[in-house]
Amino acid sequence: MNHFLDIYKTDPAALRGMIDQAGQMKQARLGRPKGAPDDDQPLAGRMVALIFEKPSTRTRVSFDVGVRQMGGQTMVLSGSDMQLGHGETIADTARVLSRYVDLIMIRTFDETVLTEMAEYASVPVINGLTDRTHPCQIMADILTYEEHRGPIAGKKVVWCGDGNNVCASFLHAAGQFGFDLTFTGPAQLDPEEEFVGMARKAGSTVVIERDAKKAVEGADLVVADTWVSMHDSQSSKERRHNLLRPYQVNPELMKYAKPDALFMHCLPAHREEEVTSEVMDGPQSVIFDEAENRLHAQKAVMRWCLGV
Ligand code: CP
Ligand code: NVA
């Protein structure tokens, strides 16, 4: 069963195939209206459930549009409206949904909800973000980097801020796609050691550097994300902001990166917090290409899951 649960759980050749196919499918659609069908309709007759236990703009819309472009149908479900939010087990939900739909995408809090769904579903399951990882985002980010600058292998990616779920999937991708990753942020918010270890074991150089300017020196790609994720308590906001303020991405910090370095952010961003508008709207920023590429990358992920 081709579940897409995490980048480190997916074969590197399969990941490369998905990125390449995403690029080709994007090219094939150039100039077409968003609602126009693709020439190939690999999801014709397929039904996809999109389950959200947290808010979403990009994941929700890009999956929905992607399925429709490929000829399939979707149902968007909120966790709280399902019996899932009212005591039915994940295992039973997975077995029931598998009788109705061909593919399940779920955005949830606890990673065990995702892994249990995958264990009991008899159809593929895709991770649409958990508290721990966000693999679909990083597939779009790899596609975006390579469209602008060519192969990401051997490049230096610098993550600025919280060692969160998106950072975790970047670490997984470092190992699988062969790039190096420097994390710069406060020690209290370091990425999980297990994930740092995985990237190093796969041959990537992973550096933890507390000084943001030193970290960004020679960067090919600088990445930021929100300082308070959806799974973080609102009561931790002030403490997190105080810890993370030295890691804001602004024009002064970007000067330390290579002149042709790109800036990425998965969005939604909090302008003037983790990144300034000058950087977000500046010439190095590719944030809206990233957002668009969620669509193309996930279409390839879904095709791989379904083997179509
Ligand atoms: N980047 C991302 O996953 O955005 P949404 O939360 O809007 O889906
Ligand atoms: N780290 C953020 C990513 C949102 C797409 C969060 O989990 O809220």
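Each residue's number is its place along the chain shown, starting with 1.
Cβ atoms here come from the backbone N, Cα and C positions, even for glycine.
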Which candidate from Asn165, Asn250, Asn293 does TrEMBL annotate alongside Asp225, Ser229, Met230 at the L-ornithine binding site? Asn165
In whole Å, how far does the CA atom of His134 (carbamoyl phosphate binding site) lie from that of Asn165 (L-ornithine binding site)? 6
Expected list for ligand 2 (Cβ under 6 angstroms, binding-site residues Ser56, Gln83, Asn165, Arg294) reads Asn165
Distance from Met230 (L-ornithine binding site) back to Arg58 (carbamoyl phosphate binding site), taken between C-alpha atoms, in Å: 15
Within a 10 Å radius of its Cβ, which of these binding-site residues (Arg58, His134, Arg294) has the fewest neighbouring Cβ atoms? Arg58
